[in-house]
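Before any comments, here is the structure.
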Amino acid sequence: MVAALRRGRNHEGSACTMLFRGDDGSTANLHDTPAPPKKINFFVRVLLKHYSDSEYVRTPEQIRREATIFGREFNKWYILPFCILTQFCCGSMYSWSIYNQPIDQLLYGNPLANMSPTTFYITVGSFGFTSAILGPWLERNSPRLSLMIGTSLFYVGNLLTALGLHLRTIVLVYIGYGLIGGAGLGSSYVVTVSTVTKWFPNSRGIASGLAVCGFGAGSIAFAKIPLLFMHNIGLPLTFVSMGSIFFVVVFLCSLFLRTPPPGYNINGLIIESSRTASKSMDGDSHLDTVDDRPTIRISLIQALTSRDFWLMYFVFMANQLFGLVVISRLSNMTQSLFNVSPNGAATIVSIDGGFNLFGRIFFAAISDLIGRKVTFGFMLGGQCLVLGFMATVMADKSYWAYLMISWVGTACYGGGFAVIPAFLSDMFGPNNISACHGLILTAWSIAAIGGGLLFTGLYNRLSAIYGRLDPYPYTVNMWWIFGFVCFGFLLLFLVRSLIRDRLFPAVPGQVLRVRLFGRMIRLVRANGWTIEMLTREQEDHEWEEYLMLCIVKLRLVKNEAYHQATF
């Protein structure tokens, strides 16, 4: 008799239900989630329906058509290069800073008006929150359609931006590139990552890493390319031209996007029942599958409301904070603290971009070997280490130490972006990846906007007192970033990446349970506070008892169903 997991909640409130499959092929659900109340607010009901369904249903004819492309049999290797190319185009958003002074000069006659940079923050916010809102819809529909809509939105956003520049109004720039363009970028980004992870279930880490590597490469390339257009055809037509090029390229890429056919597997690994647990921080590597041990099959709404998802949300935010807030100011810090020329600082930023790309590939690749949680532990631990030294290095003006620390932090930042899609897919299943990834990208948006505003506010206040050449305004900011990253590192230990940890029944009075260095530790409040460290034998015994209880309940359910059918 084989156990699997479906909808519902276990003793500890985990969003899953044990489903037992008998030798005769019959199945029975246990711990079914109770039906929601009938009277519920209309908007809440619509929201629940939107996030409850993430299944993409295709007709046999659609499946047959997607098996070929241009008269040839479709191969999964067609997916990867076109997803990378799409990500390359999406990465152009990171080059926005080159437009700041030209736009301010055109609209206000002052290159230091500082009105254009707001566009980037709006773009980042729209990117993240659009991904979260449209994630379930993207999962329910063809990736080809989703990418076509995404590139169309970005194209319209570029045209509105050009119109705003022609009419000399910043509002259209905010709406065009910021809101509409950001929405198109977010949709395109999520759907390509989701598609790649489904086609490469046995190497999700390196596959998603290569895809988002294109995003980083685009940020480097498009820091130079638009300058040629601006010098030859002017600023408004630059957005028309660049938007048109992006639209054509990404539209052609969308023709190659599709999801795997039903039953798709690599070496027996089926994407619907593929690995859903990462190796733990202690190196324990229980990889449970539907064939031998319980595996997790949960709905989207259960995934998004689970404790583990929100822990991962703040872990990801902590991982991204350093890169978004500090690395975006790397050029300014290098020039003001170490008296480096603008050209030299630009070279440092370019090398930093190379470390960003390296981190995306390196950490994504090793996550397939040592597990996603362990990889995140290395990245957050590395950022804690470099941030701990950053303030001292800045105060002492140690130039090469400053560069090494910055580049290591950037590699960890890029690695987080590459590993998180595979981590989410392992934890909550590939069919929920678009929505989960879209929602968790709002952590990136919040870190960029909130962290950027806090950094700028503190820097402006302190630099007015100490001066802009003094390292103190920067070192103060390093300490609060250091504290937040350390907090994220501690939260990572609470993420239950092993299936057994997520389903293990709670004992009476249990407040908290974590696994450290292979040992399960419980905090229990019963006649006082007690910390229990379970031996492997104790843990196995309680787990076997839990499974036996489920088997007994299965028999009761089957007997009841038999009597109802008979009488």
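Glycine is no exception: its Cβ is also placed from the backbone N, Cα and C atoms.
According to TrEMBL, the protein carries these features:
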type     : residues : note
TRANSMEM : 77-99    : transmembrane segment
TRANSMEM : 119-138  : transmembrane segment
TRANSMEM : 145-165  : transmembrane segment
TRANSMEM : 171-193  : transmembrane segment
TRANSMEM : 205-227  : transmembrane segment
TRANSMEM : 233-257  : transmembrane segment
TRANSMEM : 310-331  : transmembrane segment
TRANSMEM : 343-363  : transmembrane segment
TRANSMEM : 375-393  : transmembrane segment
TRANSMEM : 399-424  : transmembrane segment
TRANSMEM : 436-458  : transmembrane segment
TRANSMEM : 478-495  : transmembrane segment
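Across 145-165, 205-227, 478-495, the stretch most heavily in contact with the transmembrane segment (77-99), judged by Cβ pairs under 8 Å, is 205-227. Only pairs six or more apart in sequence are counted, and the transmembrane segment (233-257) with the transmembrane segment (145-165) gives three or more Cβ pairs under 8 Å, enough to call it a contact. Note: the stretches the transmembrane segment (375-393) and the transmembrane segment (145-165) are not in contact (fewer than 3 CB pairs below 8 A, sequence gap of 6 or more). Here the transmembrane segment (436-458) has Cβ contacts under 8 Å with residues 121, 124-125, 127-135, 138, 186, 189-190, 193-194, 300, 303-304, 309, 312-314, 316-317, 320-321, 324-326, 328-329, 417, 420-421, 424, 428, 473, 476-477, 480-481 of the same chain, all six or more residues outside its ends. The stretches the transmembrane segment (205-227) and the transmembrane segment (119-138) are not in mutual contact, being linked by fewer than three Cβ pairs under 8 Å (pairs 6 or more apart in sequence).
Beyond the transmembrane segment (478-495), the same-chain residues lying 6 or more positions past its ends with a Cβ under 8 Å from any Cβ of the stretch are 281, 308, 311-312, 314-315, 317-319, 321-322, 325-326, 373, 376-377, 380-381, 383-384, 387-388, 390-391, 394, 451, 454-455, 458, 514, 516.
The transmembrane segment (310-331) makes contact with the transmembrane segment (343-363), as judged by at least three Cβ pairs under 8 Å among residues 6 or more apart in sequence. Beyond the transmembrane segment (399-424), the same-chain residues lying 6 or more positions past its ends with a Cβ under 8 Å from any Cβ of the stretch are 193-194, 197, 204-205, 207-209, 212-213, 215-216, 278, 312, 316, 319-320, 322-324, 326-327, 330, 334, 337-338, 348, 351-352, 355-364, 367-368, 372-373, 375-376, 379-380, 382-383, 386-387, 389-390, 393, 432-433, 436-437, 440, 444.
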